[in-house]
Amino acid sequence: MTRKQRRLLMIGGAGVVLVVAVGLVLNAMRGSIVFFSTPKMVSEQQIGAGTRFRLGGVVEPGSLHRGDQLAVSFKVSDGAATVPVAFKGILPDLFREGQGVIAEGALDTAGVFKADTVLAKHDETYMPKEVADALKKQGHWKDDYEKKPPGAPGASADAAGPSR
């Protein structure tokens, strides 16, 4: 075997090892990757039962129902579509109707989103980029969503009021 053939064999072997390593990493990450969807995206796409994703939107007013023990059901809306959500656990303190929420879980066969994690909007200026984009696209965006309260990070000096 010539020197050139050995070099090509080494490069080919290294390429095979690299492809196998990338394949193993992607296979291991498949279970931990969670995609974000809005209710409209869920209704338009055929997301199969059992597929994990994050559902983001606003808790629809009047939809919150507390059941036995820690069972809670509510609806998440983005203004264009609504998805029913079932959750068993302790809700965040800031969770309420009309507020932003992100729930992580999967759809069941009846089309109910079974959440195992619920995150509430943590301040009045936070809105996930995907939810903001969806609201803008559907024409439900309000300009006051972008206004920051005085003293908030990124608020203008004029909005902060007089300094001491």
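In case you wondered, yes, glycine gets a Cβ from its N, Cα and C as well.
For His122, Tyr126, the entry in Swiss-Prot reads heme binding site, with the evidence type sequence analysis.
The annotation compositional bias 'Low complexity' is assigned in Swiss-Prot to 153-164.
According to Swiss-Prot, the feature region 'Disordered' maps to 137-164.
Summarising the annotation, Swiss-Prot assigns topological domain 'Cytoplasmic' to 1-7 and lists sequence analysis as the type of evidence.
The topological domain 'Periplasmic' feature in Swiss-Prot is assigned to 29-164; the stated evidence is sequence analysis.
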How does the model score the topological domain 'Periplasmic' (29-164) in terms of mean pLDDT?
79
DSSP-assigned states of the topological domain 'Cytoplasmic' (1-7) in counts, ordered helix, strand, coil:
5 helix, 0 strand, 2 coil
